[in-house]
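Below is one structure, written out as structure tokens; comments come after it.
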Amino acid sequence: REPLLSQSESDGGEAGQARGGQAIGGGAVGGQRAAAAASSALTLRVEGMTCGRCTASVEKALLALPGVRSAKVDLELGQAAVWGDVAAADAVAAVEATGRDARVLSAPTAPSALLSAGATAGKEDPPDTTLHVEGMSCSKCTDSVRRALLALPGVDSAQVDLDSKEARVWGNASADALIEACESTGKLATLVPAQGAAVEGARIAEGKSRAKYLAQQQDSDLSCTWLKVPDMECNGCAEKIERVLQGVEGVAEAEVLLDSHLAYISHAEGTSSEAELISAVRALGYSPRVASEEEVEAASASSRRSLNEGEAPPASQMVVLQINGMSCAACAAKVEGSLRALRGVNKASISLLAHSGRVEYEPRRVDVPAMVEAIHNIGYDAHPRGGTADSNMLAPEVQSDESLEWRDRFVGSLFITVPMMLFSMVLPHTPLGAALAQPLFPGISWRVAALWLLATPMQVIFGGRFYLSAFAALRHCVTNMDTLVALGTSVAYGFSVLTVVVNIFSKERDRDDQQCFEMAAMLITFILLGKFLEASAKRKTTEAVSRLLSLQPQKALLCSCITELDREPREVPAATLVKGDVFKVLPGRQVVVDGVVLRGRSEVDESMLSGEPLPVLKQEKDNVTGGTINGNGVLWVLATAKTTDGTLAHIMQVVSDAQHRKPQVQAFADRIARYFVPTALLVSLLTFFGWSARAAFGGVPQSYLDASHVASPYLLAVYFGCATLVVACPCALGLATPTAVMVSCGVSAQRGILLKGGDVLEKSAKVSAVLFDKTGTLTTGRPAVQLTKSWRPSLKSSELLRLAACAERASDHPIAGAIVSAAGADALTVEPLNFTQTPGGGIDCCVEGARLLLGNRAWMSEHGLRPSAAQEAEVAAHEAKGSTVVLAAMQKECKDARASAHGMDAHDGSGGALVLSGIIVLADELKPDAAEVVAYLRRRGTVVWMVSGDNQTTANFVAKQVGAQPRFFTRAERSRPFRAVWGEGLYPLS
């Protein structure tokens with residue numbers, strides 16, 4: 001919606017003429033001013049509009065009039081603005097023709113007047129006054145504030161934004177009048193700088209405080225004072241000081257800068273002396289003093305630097321907190337709620353899986369210690385864990401220790417629970433039952449005594465952790481899942497003890513079935529099993545995620561300068577590299593960060609990005625990615641990003657963010673879980689009191705008492721109350737969704753799938769299109785020898801494969817590994833001599849006295865070898881099937897090692913001519929179930945695509961085999977709502 005207007009009606013009267021059409025909601029009728037600069041403006045009051053169709057019909061009718069250049073209609077204000085050469089009577093008649101009543105609010109404006117009024121204001125014209133307005137919660141609030149502002153004399157135009165809670169005003173109205181107008185609507189308004197933090201920093205840098213600058217801008221008599229409060233340490237301190245300063249007589253504005261321990265006060269001249277301000281703060285127990293110019297200057301240094309660099313200072317920061325003690329979704333919801341309640345916290349997301357929270361906050365208004373304190377106040381431990389992606393990953397050793405601890409507790413509990421189950425449910429139905437039913441002493445049998453004896457250490461040793469956690473939560477007046485577990489097991493155990501004690505004193509011998517010791521033991525064991533499974537799922541997820549950390553190099557070889565690449569580099573931590581540094585990458589080492597190759601030639605393994613096993617040739621001016629592995633060559637690389645900004649860092653950040661993403665159903669369950677524990681307790685109490693009331697009025701049937709072996713109906717009420725509480729203990733509502741997400745993430749990670757969050761699982765059922773990566777997903781990802789063919793009658797194919805394997809054993813290329821594997825270990829009888837390998841070409845060596853070349857056609861052409869027409873056709877036929885063809889050329893003997901190593905001519909005269917001797921055909925085989933999976937998806941109506949970094953011929957062949965036809969995406973296909981990407985490697989996809 002684009003609200004207007006050039007004029008606004010307030011209480012039946014007319015407001016001043018709008019300066020440029022800026023209005024609430026961010027729209028602007030003034031945006032049409034360029035088209036209407038030489039026209040008239042007309043504002044109409046339109047009655048009878050009830051919906052968007054009404055406004056559309058009115059606007060269409062007005063635009064149909066001759067001479068109308070533009071028209072805008074606002075539903076909530078009930079007004080229409082018209083620009084163009086049109087008579088007022090014609091505009092009113094056009095509106096009334098749509099079935100609405102209309103009347104003129106403003107007379108036609110002269111073209112020159114409209115031009116001066118409409119062309120001078122807009123987004124490029126900063127407001128004269130900006131207010132921060134608290135208390136707005138909806139569009140009606142913003143409408144009421146804007147109407148109140150527009151009703152003031154001297155206000156040309158006003159815009160109110162709900163998201164930023166700001167009101168921007170154009171005109172010469174005083175700040176006090178504007179604030180009073182806002183407060184008349186029930187909102188709280190304060191004055192803020194008109195041009196933002198960067199301009200404010202510049203003014204301070206020039207020796208002018210913000211208050212003086214505002215006074216100059218608004219031609220008022222305000223002055224300012226800066227106080228230094230060195231013992232202000234937290235957000236609570238800042239709030240108290242700010243509140244008391246704002247209450248001092250004459251103070252127009254007060255703001256506390258927590259990070260610099262400064263307080264800024266804007267006050268009227270002649271009021272609020274420095275002594276009064278200091279006294280007000282000192283009364284709170286702090287030690288304020290007047291800040292020096294140097295301290296004010298230092299506080300704005302970062303703002304000045306950002307201004308000089310063309311950047312505004314960051315409005316918010318991100319911190320990751322490690323939070324210990326959370327046991328369920330209710331805990332996470334309470335922590336999240338406590339953080340969001342803090343002033344200055346914009347967003348907070350708690351991950352129960354990672355035991356961490358990601359918080360976005362404004363450092364000028366809140367600090368990390370205040371967040372930690374807020375979490376401590378509700379009974380949990382917290383400390384900052386850092387904001388980098390790698391620091392956000394779960395520590396594998398910590399998760400392993402947690403899993404082992406819960407496993408040991410669960411196994412230990414079985415040694416008690418299993419015998420208790422035998423005593424309770426099995427042995428009474430055997431010949432030993434009669435003996436166990438004999439009284440140990442009056443009122444208690446041997447069986448009950450054994451159950452009591454086993455249940456007591458179960459409560460103390462294995463249930464103690466739940467009791468401690470529940471007690472800690474209750475100390476802070478909060479509840480969690482451990483509260484329910486502790487209450488449920490305690491009630492079951494305590495009720496059983498009470499029953500036994502009553503039986504002892506009443507000397508009852510036939511009331512053994514009234515105790516439920518085994519129920520408390522089974523409950524603890526069941527919950528310990530759940531905790532163990534949960535910790536195991538976390539550990540599996542952690543192991544997969546932690547593999548990302550191994551991709552990030554820790555050290556780098558930093559070169560002094562681009563012009564001094566030959567000088568010995570020095571080893572530095574990889575984290576210290578910045579954009580513009582030059583570093584050296586040795587063979588077999590990882591590329592530290594994204595960059596451009598300055599010198600060198602090598603093949604780089606990029607499988608961690610693309611999934612393709614074959615390395616990619618890199619030479620001067622080629623881009624390389626951090627985390628990829630260099631081949632046999634040496635590269636000098638110019639860094640184009642910091643280690644925290646590279647591709648690998650972004651991938652790790654995506655995985656880290658996944659820990660804090662929740663599906664909608666989990667977010668809903670978390671909200672419910674906050675109230676589940678008190679609700680369960682309330683329902684349990686209502687059950688008890690309900691049955692007690694029924695017992696008081698004699699409404700409990702005798703059959704209930706007989707079936708329960710209970711003499712008193714009030715005891716039956718206790719039974720039902722306990723049963724309700726015990727049944728509620730597992731809290732399926734609070735645990736089911738988080739546990740399902742954890743287990744799903746763990747199982748997926750075990751199978752090599754990293755999920756970006758639980759919401760991915762929720763959306764998976766809606767997937768309508770699947771994109772499969774070719775290599776490693778539809779295919780095995782490992783090239784294998786399909787065919788070896790000799791082109792020389794005197795050379796057998798098996799012999800050619802053996803000689804090739806002996807040569808390739810010195811190479812680490814994936815194709816070399818496939819050839820060696822196909823020949824077998826028994827075939828590797830000799831070592832190659834004078835071995836050289838050229839990236840992107842092939843190898844040259846001596847095997848058993850004969851020179852051997854292996855490589856592609858370009859490599860053979862470099863040595864003067866070209867296949868015949870028949871041989872070329874044979875190679876092309878294999879390549880058309882998606883295969884990789886390695887050509888082999890041999891000569892009878894090798895004369896000189898140096899000559900061989902540096903590439904002799906095809907006819908060197910040392911041992912005969914090099915002759916093309918055969919080919920070795922390799923292919924990446926399809927996985928056995930690839931075609932079946934694609935066919936299944938297509939039967940379900942899912943669109944299947946295949947993506948690949950391989951050549952088009954190979955991709956087309958593989959796609960045809962599996963039934964995924966390769967084609968370009970159309971715009972409609974790109975916009976399909978739910979797509980899944982399947983592939984090996986790490987994909988920076990959102």
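A Cβ is built for glycine as well, from the same backbone N, Cα and C atoms used for every other residue.
What TrEMBL lists as compositional bias 'Polar residues' is 1-10.
Residues annotated as region 'Disordered' in TrEMBL: 1-24.
The feature compositional bias 'Gly residues' is assigned by TrEMBL to 13-24.
If you take every residue in the domain 'HMA' (40-103) and average the pLDDT, you get 78. The domain 'HMA' annotation in TrEMBL covers 40-103 (among others).
Per TrEMBL, domain 'HMA' is recorded for 127-190 (among others).
When DSSP labels each residue, the domain 'HMA' (223-289) comes out as 24 helix, 21 strand, 22 coil, counted as helix, strand and coil in that order. The feature domain 'HMA' is assigned by TrEMBL to 223-289 (among others).
Taken from TrEMBL, the feature domain 'HMA' applies to 317-383 (among others).
Residues 436-437, 447, 450-451, 454-455, 457-458, 461-462, 517-518, 521-522, 524-525, 528-529, 531-532 of the same chain, all 6+ positions outside the transmembrane segment (410-429), place their C-beta atoms under 8 angstroms from a C-beta of that stretch. Per TrEMBL, transmembrane segment is recorded for 410-429 (among others).
Counting only same-chain residues 6+ beyond the ends of the transmembrane segment (449-472), those with a CB under 8 A from a CB of the stretch are 325, 327, 379, 409, 412-413, 416-417, 419-420, 423-424, 436, 440, 480, 482-483, 485-487, 489-490, 493, 496-497, 500, 515, 517-518, 520-521, 524-525, 527-528. Annotation source TrEMBL lists transmembrane segment at 449-472 (among others).
Under the heading transmembrane segment, TrEMBL lists 484-505 (among others).
Summarising the annotation, TrEMBL assigns transmembrane segment to 672-693 (among others).
The transmembrane segment annotation in TrEMBL covers 713-736 (among others).
Distant neighbours of the transmembrane segment (484-505): 441-444, 448, 451-452, 455, 459, 463, 466-467, 469-471, 511, 514-517, 519-520, 523-524, 527, 677, 680-681, 718, 721-722, 725-726, 728-729, 731; these residues of the same chain sit at least 6 beyond its ends, with a Cβ under 8 Å from one of its Cβ atoms. Applying DSSP to the domain 'HMA' (40-103) sorts its residues as follows: 21 helix, 24 strand, 19 coil.
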